[in-house]
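Have a look at the structure below before the remarks.
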Amino acid sequence: MVARGSLVVARGHRSFPSLVRKSKQTQTYPLKREMNKEMIKNVIKLLTMVILIGTMVIWIMMPTSTYKKIWLKSMRAKLGESIYFGRPGANLLVYMFPMILLAFLGSIYLHLKKQTTVNQLNSGVERKKRNKFGALKKPMLVKGLGIVTVTEVMFLTMFLALLLWSLANYFYFTFATITPQSIPTGGDNLWQARLNAIAVRLGLTGNICLGFLFYPVARGSSLLAAVGLTSESSIKYHIWLGNLVMTLLTSHGLCYCLYWISTNQISQMLEWDRTGISHLAGEIALVAGLVMWTTTFPAIRRRYFEVFFYTHYLYMVFMLFFVFHVGISYALTSFPGFYIFIVDRFLRFLQSRNNVKLASARVLPCETVELNFSKNPMLMYSPTSILFVSIPSISKLQWHPFTITSSSKLEPKKISVMIKCQGKWSTKLYHMLSSSDPIDHLAVSVEGPYGPASTDYLRHDTLVMVSGGSGITPFISIIRDLLYMSSTNTCKIPKMTLICVFKTSSDLSMLSLILPISTEIPSFVDIQIIAFVTREKESTCNMNIIKTLDFKPYVSDQPISPILGSNSWLWLATILSSSFMIFIIIIAFITRYHIYPIDQSSKKYNAAYKSLIYLLAISISVVATSTVAMLCNKMNYKEKDENDDALSPLMIETSPDQLLSEVTNIQYGERPNLNKLLVGFNGSSVGVLVCGPRKMREEVANICSFRSAENLQFESISFTW
């Protein structure tokens, strides 16, 4: 049994007066106002369920003859002849509008949820409600697809069932309608006619996957945050969907190539139809998709990450020529996710244009650096959030995600990230900061922070954090956030145990980032840290050798601020709704006075031009509304910055020696017995978080799987992009 050191931070004479005062003020909401918020949130949940059920029914019915012959025919009869929207009108209403409305409602819901008091989150009823569904978050699959929870298996099964249902309906229709009697004399052979039909059906099924492809990669999406997901935890869904999309679309393309070769119609490969399906556009889109797909395989992605990163910009070519291939009317069925992604991508572009104020850096003896930025106090983020960082002096194009180690509540004017040397970019940064030639300024741009809309660590009696190497970084932010909560005296925080595994004793210097000591914390906090050094029998490094750099920011450098201000979810709802309305108005005007008159003549309107008009209308509406929202918020927080006092000095952390002597029990030359450690924790709810190498995550997931002890609630934090 490993002995556990503990740290007790007792009640002191000093406190966080301003922070505590703010915390108490947030608890003075009138009861009636809270009840109104809950009522609105419940209404939003009800509307969301209705929209989701309706959308699911549409996707389920889409491959059936009932949908084609009755539903779609009826919708086109009412909307397809509209002088304002024409044929795309039905798909705008059935596919685009519901998902944009869902994203709008999700933003409103998150805005209301953001204002929920800590007391409510920590209430007994809330704890029981969340623990009730804890079993659904337990790992069910560990290898193959990665760590997959019970809930994810359920939704994955439903999605695969939808694809199989679609393929079954499409293939049944193909073989039932294409018979020897139905083929005209002198036409294709039976197998050729069926191959042609199968190729079309494979493309239609691939479009279902494409419709969901962009949701997981919209980092600031309200749809992800509303269901408790983050972009980094959803990357695996994007990977699964991407593989399905390319498998189905590649099969679609190969079937058509085989059909054209067998029927001596090779010239069809170069056809660009003026009003119908453009084969050449589809081939360009497929080639772009294949290039992206090839670089996603682990052997290529890990070894040539920059190639993988840059080729993924071909998504613009892929989507552009996909629209040209199928026409804008059908493309709208898979466009809602892409629309939400475009809004998110442009907001990220606006934020990345400015250089931020880098205040200081620390160089640790384990080839690790900590960057400390100034931030606007109104910028709030949750623990485990990430920040994308770009340093043009190293690379003008590369952006890398790093876990934030600071707490926005505990350190309102500071945001920190820790960067471990694990590649060319991070190694160049380390050498730049650790060189004997000091630098007094470093130009840096950022995107983010991105993370969960809220965290519910308070629902646990005990919180166990298992880390490997630099995987300790998200847990630093969790510990600091819980320290702040304890200082407010408004809630009981769980007991914390950090089990960290390092290769060498120099890596122990990462522990120096955990506890700030600039002010005593007026609360009782129990922290246990067990550190394992696997490759050394004793300490061989002087961990006090930490180099500190202070930078001189330029006047143009700005504190990191929220691109949409403190009410970011409300502004996002405004952008989504207003941009979509502007898009609809532009399309209605152009269709009525330009496209419709030409379509009514003998000469139909060019399909490619119509697609370009739609894409330009989307771009104009998103750019205009996002820019206005950004400028409004920029003016607001600039005025506040002028009224605020100068940024307070950055907090100084405990020295490694002090931290290790008071908190940590170090075990040299051995690996932890994680099964023995985790099963030994008592309590009705033990939250188990793990961040580190894949094997470590899988081992912890196996221990906490749905067949294990009921009190172990698992959560994997993976930042493998």
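Keep in mind that glycine also has a Cβ here, set from the backbone N, Cα and C atoms.
Heads up, TrEMBL stuff is auto-annotated, nobody curated it.
What TrEMBL says about this protein:
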TRANSMEM  43-62  transmembrane segment
TRANSMEM  92-112  transmembrane segment
TRANSMEM  140-165  transmembrane segment
TRANSMEM  198-218  transmembrane segment
TRANSMEM  239-261  transmembrane segment
TRANSMEM  281-300  transmembrane segment
TRANSMEM  330-347  transmembrane segment
DOMAIN    351-456  domain 'FAD-binding FR-type'
TRANSMEM  569-591  transmembrane segment
TRANSMEM  611-632  transmembrane segment
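With a cut-off of 8 Å between Cβ atoms, the residues of this chain six or more beyond the transmembrane segment (281-300) that come close are 239, 242-243, 245-246, 249-250, 253, 269, 272, 307-308, 311-312, 314-315, 317-322, 324-326, 608. Long-range contacts of the transmembrane segment (330-347) within its own chain (CB-CB distance under 8 A, at least 6 residues past either end) are made by residues 88, 91-92, 95-96, 98-100, 103, 207-208, 210-215, 217-221, 223, 319, 322-323, 563-564, 572, 575-576, 579-580, 611, 618-619, 622-623, 626, 630.
A contact between the transmembrane segment (92-112) and the transmembrane segment (569-591) is present, since 3 or more of their C-beta pairs, 6 or more residues apart, lie under 8 Å. Across the residues of the domain 'FAD-binding FR-type' (351-456), the predicted structure has a mean pLDDT of 89. Secondary structure counts, DSSP: the domain 'FAD-binding FR-type' (351-456) has 13 helix, 39 strand, 54 coil. Within its own chain, the transmembrane segment (140-165) is flanked in space by residues 59-60, 63, 205, 208-209, 212, 236, 240, 244, 697-698, 701-702, 705-706, 714, 716, 718, which lie at least six positions past its ends and keep a Cβ under 8 Å from the stretch.
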